[in-house]
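A.B. asks: Sharing a structure here in structure tokens format.
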Amino acid sequence: MFSDLSAQKEGSSLLSRPASEDQGPAVFERTSLAYSPCSERYSVGERNFGRQYAHIYAARLMQMRPLLSQRAKQKWGSDVLIRKLCDMQTGEQCCIVGTLFKRMELQPSILKEISEEHNLLPQPARAKNISETDELILEDELQRIKLEGKIDKDKCVTGSVIAIYGAERNDGKFTVEDFCTADLPLQRARPALSADRFLLLASGLGLGSSRADSMLGLQLLVDMVTGQLGDLGEQSGAATISRVLLAGNLLSQSTQDKDASTKAKYLTKKTQAGSVEAIRLLDELLLQLVASVPVDVMPGQYDPTNYTLPQQPLHRCMFPLSSVYPTLQLASNPYQADIDGVRFLGTSGQNVCDIQRYSSMDSHVEILEETLRLRHLAPTAPDTLGCYPFYLKDPFILEECPHVYFSGNAPTFESKLIKGPDGQEVLLVTIPEFSSTQTACLINLRTLQCEPVSFSAFSADEDEESEMNISH
Amino acid sequence: MTAKRGLITDSFKVVKKARRGGKQDKRPTPPPPQKAEAEIETAREEELQKLRQFDLDCRFGPCTGISRLERWERAKLHDLKPPEEIRDLLLQTSDDPEYSQSLWSEYPV
């Protein structure tokens, strides 16, 4: 673990007598590693928004059907009857592959809001949009059928492709006895590394917010990585951090002022966008980092790039200071790369947050595991999550199993090692939002162990207490 | 005033005569090459009919918003065995929108 590594050298503590001058300053060479980005599948070349989303669902089902038929045969025997909905007979035990659709009463709908007949107030924003009356429906190319039985409707989300086993009843509903997902794809073997090397993950820096309380922690993080903190032991530990990945929401939500879209142009002509100052801050921060270590920057929900997934890399022109360094890598969201032979895959967290809103699952790491089992990064896109209208194939279907699967902007740090049916081993990591938790995490590429690093000097509660003391 | 009136009536007359003349001219002329054209027309109609059948085959997914060739390529990519003759036909006639675009392309999305 990183904490052991940097605390190894007892002798070179800061409390000891300074080393004699003729020794010269200690130099720690930063370990470098092989890096190859494999995010081509997440780059959108032509931008054609004239298509409907029917294509992405059709392509998803086309891609998943063979995988799921195979899994169904593994699970229920090779002689299992796999039917399409149109060929199915009432009462016949069979297996059906299709896309789930969950009809949710509480799902925000623009049509409901503008309907004059009801004259409703805008629906309040909810943390969860599920209710007792939700219905689960399975769709294939032609038809749909309501599902009942042994399937947890609160846990399922719209857009996931699954195989169900059971029979249709006389009333036209399908009684599910069992179901299966596509599960983890095959994984390449991880190369054995000789030395400990670390990758630092952070997300949700939240620059440009009105509260600047995360700035001290952020500066500490930068100083720790660049080796300007602590004694020689800690500095030599910092040299083993060979890459930094910033997973989205580098800017705070408050930089997206809604005034610009609602106010008249002539009133806001002279006001500068909130993101301008924040980007300048980010550029200066990145400059400190990239001068010392390679950095990958992923965009997130509040960052100045396109809103729909896959988000394209932030433009270089926004970083006049840091973009001259070859160590700055502006990446897409979702992100995929081979780092020293370890396959990383992850997002800035939009997919996970959206599933949290439309299912009973709360833990981000549990949702991550669920998406991995479904073999789909963002099943709720395009239903409740913005997504580019692909037609040829669905790029969010996992074709290769990653070794590390992460998502950013989680409320807390969590990690879990899961095992797949074919011996796959995947480390799931949720990267906490830095601005609220002051925590980043370090992954050891050799052992795939993960630990949080916290930079907070004061917790929020203590702050409140000290304020109260002042008022006394 | 008189000059203007004269001009307007003149122009109306001229236009009316030209239109009538044009229509009358067109009606008698088509019959002679009609046989050859009719054969081409039926062949074309058959081809288009095949393409429409391809459009309506639900195995290959939705057909709106993308060209027929794109839809064929997608079906091929996902191993759904789309008929090869459709592709040949589409490649031969790629510059004719009636061939390359799907049945519903005229409708706004």
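Placed from the backbone N, Cα and C atoms, the Cβ positions cover glycine too.
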A.B. asks: Check each of the ranges A:1-23, A:139-161 against TrEMBL and return the one annotated as region 'Disordered'.
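C.D. replies: Going through A:1-23, A:139-161 one by one, TrEMBL gives region 'Disordered' for A:1-23.
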A.B. asks: Take the domain 'DNA polymerase alpha/delta/epsilon subunit B' (A:200-413) and average the pLDDT across it for me.
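C.D. replies: Mean model confidence (pLDDT) across the domain 'DNA polymerase alpha/delta/epsilon subunit B' (A:200-413) is 88.
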A.B. asks: Using DSSP, what is the helix/strand/coil residue split across the domain 'DNA polymerase delta subunit OB-fold' (A:52-178)?
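C.D. replies: Grouping H, G, I as helix and E, B as strand yields 31 helix, 36 strand, 60 coil.
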